[in-house]
Amino acid sequence: MSYSGSMVPQSSGPEPGRISLLWSYARPHLPALILSLVLALVTSASQLASPLATRSVLDALAGGGSLLNPVLVLVVLLVVGGAIGWWQWVMLGTLAERIVYEARQGMLTRFMRARVFPLLRRPAGELVTRVTSDSVLLREAASSSVVGIINGTALLIGTLVMMAILDVVLVLATVAAVAVVAAVSIVLMPEIGRAQSRSQAALGSLGAELEGNLRAIKTVKAAGSEQRQLDRLTGHALASRDESVRAVRREAMVWTVAGGGIQAAIIVILGVGAWRVSEGEMTVSTLVAFLLYAFVLLEPVSTLSENLTAFQSGLAAAGRIRELEQLEQEDTPVGAGVSSAVRGGGGAVMELRSVTAGYDPAGEPAVRDLELRIPSRGHLALVGPSGAGKTTVFSLLLGFLNPQSGQLLLQGVPYAEVGLPEVRRRLAYVEQETPVVPGTIRDNLTFLNAEVTEQQILDVLDQIRLRETVLALPNGLDTPLSDSSVSGGQRQRIALARALLADPDVLLLDEATAQVDGLTETAIHDAVRRHAANATVVTIAHRLSTVIDADEIVVMEEGRIAARGTHQELLATSELYRSLVRALRIDAEAGVERAEVEPVGGL
Ligand SMILES: Nc1ncnc2c1ncn2[C@@H]1O[C@H](COP(=O)(O)OP(=O)(O)OP(=O)(O)O)[C@@H](O)[C@H]1O
């Protein structure tokens, strides 16, 4: 299995694609977004009215008129503006969190429904980074930044219009300052997005490599390579930091230019305004109102630069999330009716007809022209050298892999008609490498069949000689299970118990390569034999006792079936089988020796 990061498409998608993805997250919330925008515009309008109200207060003061009305207007503007601002804040904040949740849920659904091998080709750590980190960057981009950009623009134009109403000469100086700010921002902005995109990419690589290192931590430590691996990991963290610093520098530059531009405009307004007041072309109250507008102007300028920055990083994140949309999904269930009453009948429960299949459509097939009937009862063992295609047969039966040619059938009906859920409902699969799922021992045992009783659980644990050890644990069946807390053989036995509790039509068992002690081996075989008495067991066999036990043995070599028959028949007819058995026998003898000196493992 390849976990190569190089197989993952690197670049973010084109701009229109990313914008449409952002839009797809925002669209379901359009009413809330529009309401937020309206509220934002009302807040802005109240902000715009405040300097005018202030001018009335000043005029009333100078003219000796009543202050009551203008002050009342000011207070109402303040209270209404504040209340609406609060409402809008809460609404946009909630909306933003919903968008993050929906983006996460969408990604998780995609992962769970994805075809197995395209999913496994992507580094797990990178997928985790997308769900946990990239989704956060969507937050503002798909919610408040859109509102902020529109509102900021409206407030900017509104402020300039109000200023123009007050004094046309002064507004020209202000417009010049705003134009310089806008031009500089337009030049500097895109690089912020690009730097953030590179920072997120480095973060993804860090996630991917960290996950791989943690999984192989024993190998890393045993090789004394902690420092080398640490250097590689910190290299990614460093790259992410440097790119983020680049983005921050740009942002600081935009902010400084924006703030500085407005400050400069205020100084010019003060100078020119004072001169115009002294010339009698302007009243002091108008100059004060104008200055207040100049301060109001700071807000849309900062809102715009802030939200444009958030929008840029959101776009970068959207590009990366968009790549996940290319993850191939499993076919949706069709579910043609297939009778379930086949057990023990004479026919085949499953069948591979002339199946050729591979992992890379352009590469060599992993299996060719396979003809295989899985009987509705009994024990079928697959044997063969490493890379012969045994696991590929399981992947085909489970629908993880589609044949390039040929057909798979469940009770004579093609898989495409039956649908994967129905196929998988008939199967239970015991993986060799990672057979337990996150949760407690009980969660694992009831994973396929939630209806089982405590007694059934205990009986099955008894069969595979785990009952005493599980019950001796402080939390018994409710002990949390992680890959590292139990041995490989114990994990497999728990997975076997889970499969037996589901009582499947076909039990697919990828036998652990590691030896287990003789008593456990016998217990496992007894359990398997019992199941094979009225249903089917298919084993990828790594133990001599398993092959000897099987009703039929299929010998695979280089993706083809080289021979088939019983143990005795194959011993007589197949040189390959004889050599495999010789190897298994040597292994078995080595295992016996080990079992004699090693204590019997418990949980
Ligand atoms: N995920 C994968 N992507 C690409 N090629 C693969 C993948 N899994 C297996 N292969 C290739 O398919 C061929 C058959 O592999 P398969 O795992 O079925 O063999 P196997 O008989 O189960 O071997 P082993 O006993 O070592 O597990 C091999 O050439 C292998 O390199």
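Just so you know, the numbers here start at 1 and follow the chain as drawn.
Including glycine, each Cβ sits where the backbone N, Cα and C put it.
Heads up, TrEMBL stuff is auto-annotated, nobody curated it.
What TrEMBL says about this protein:
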type	residues	note
DOMAIN	34-313	domain 'ABC transmembrane type-1'
DOMAIN	350-583	domain 'ABC transporter'
TRANSMEM	67-89	transmembrane segment
TRANSMEM	146-165	transmembrane segment
TRANSMEM	171-189	transmembrane segment
TRANSMEM	252-276	transmembrane segment
TRANSMEM	282-298	transmembrane segment
When counting Cβ pairs under 8 Å to the transmembrane segment (171-189), the leader among 67-89, 146-165, 252-276, 282-298: 252-276
Same-chain residues at least 6 beyond the ends of the transmembrane segment (282-298) whose Cβ lies under 8 Å from its Cβ atoms: 47-48, 50-52, 54-55, 58-59, 62, 155-156, 159-160, 162-163, 166-167, 170, 174, 178, 259, 262, 265-266, 269-270, 273-274, 276
Rounded mean pLDDT for the residues that make up the domain 'ABC transporter' (350-583): 88
